[in-house]
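In what follows, a single structure is set out as structure tokens and then discussed.
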Amino acid sequence: MKLTTANTTTSSSRFLHLPCTSPASFRRLEPSYVTKQKGRRASILVGAVSFFLGGVINAAAVNIGMLIIGRILLGAGIGFGNQAVPLYLSEMAPAKHRGAVNQLFQFTTCMGILIANLINYKTDEIHPWGWRLSLGLATVPATLMFVGGLALPETPNSLVEQGKLEEAKRVLIKVRGTPNVEAEFADLIEASEAARAIKHPFKNLLQRKNRPQLVLGAIGIPAFQQLTGMNSILFYAPVMFQTLGFGSGASLISSVLTSGMLVIATLVSMALVDRFGRRAFFLEAGTEMFCYMIVVAITLALKFGEGEKLPQAIGWFLVVIICLFVFAYGLSWGPLGWLVPSELFPLETRSAGQSMAVCVNLLFTALIAQCFLVSLCHLKYGIFLLFAGLIFIMSSFVFFLLLETKQVPIEEVYLLWKDHWFWKRYVDDDDEKG
């Protein structure tokens, strides 16, 4: 079977991954096991190899079966990378700069999307093999990821967890730039001793004492990140640009503009998140996003009736609103949706918790991708009111349930739950039972 389509793009691959590609019978190959037992670097390297093979197979595909196999390998690579990289960054970074360092993950992701959009636009003009080039270029970031994984040291947290105490202390001294690391190293050893006592981390994550991490880090924040309506805005953006006369270039202009806004917003968030905190960005940007969704819904309800062409002035107005919404998302739920879960879990459940967070995130990505068009057809402008309601709910969720983690050492975050008005009943009850 000859493949002639040019619409199979690298940038779309992130929306086509199955949330869990590893059967339970292959537990030793799943990201959480590799990350916990073999280290964060090992998981990054496995992800890079899987992504490289997926890119090669897709570029060489001669039938649908090869494309499916390639997509599965790409999905596995994304799973390993999303699970290990945020943990690696959070564990390596000093507490006062952890937010900025962790957000390098979101920054490079946004840069990758921007570059992929530009590549896809140019390769679409190359017939008949441009799509192969587009998919094959996925091997470039995979190669960089593999080489980087070889060059970087393992995290001190992971080395202590593996019993390599001397090497862990050497790495900790190197990354902190000072020999005065005794207090932090003692915290790592204490956390590691607790982690070794846990034989089934996923089962432990379900225990009452870990309810805050389960609800917030493993389920709530990853799910809400995809329920912000960001995908709906990205879907509708090309329509606005077509209305403004960009014609066939509307999709490119929309993709480049929104990707560029995400990059800029992430840079701003990196610069300020360790100063103002995670909650401040969640709540401020949530207020903005709620207002923008309401404005889009009202504007479309009043000015964009059945079969009615959108006036150019209204189109420009909506483009500005879309850019502001994307910027607010890029400040908050985009990067913080990865940062905060990686901070919340104690060492004994960190790999399992992050694995569940990635799984939930990709599951809701798939659900939104499958349901959005149908919902848009039935609800029309009401879909934006629905997302506004969800943003209000998730902002309330953050306001009442999420504590501030800025500049708190990662192995001490769990202590904060004891002072929280709601979560302390779970932690205190468990302590009393123990």
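Cβ coordinates come from backbone N, Cα and C, glycine included.
Database features, via TrEMBL:
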DOMAIN    1-406  domain 'Major facilitator superfamily (MFS) profile'
TRANSMEM  42-62  transmembrane segment
TRANSMEM  68-89  transmembrane segment
TRANSMEM  101-119  transmembrane segment
TRANSMEM  131-152  transmembrane segment
TRANSMEM  214-237  transmembrane segment
TRANSMEM  249-273  transmembrane segment
TRANSMEM  280-302  transmembrane segment
TRANSMEM  314-340  transmembrane segment
TRANSMEM  352-375  transmembrane segment
TRANSMEM  381-403  transmembrane segment
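Recorded stretches compared: 68-89, 101-119, 249-273, 280-302; the one with the most Cβ pairs under 8 Å to the transmembrane segment (42-62) is 68-89. Sequence-distant residue pairs (6 or more apart) of the transmembrane segment (352-375) and the transmembrane segment (131-152) include fewer than 3 whose Cβ atoms are under 8 Å, leaving the two stretches without contact.
The list of residues near the transmembrane segment (249-273) in space but at least 6 beyond its ends in sequence, with Cβ under 8 angstroms from a Cβ of it, reads 11, 99-100, 103-104, 106-107, 110-111, 113-114, 117-118, 121, 233-234, 237-242, 281, 322-323, 326-332, 334-336, 339, 406.
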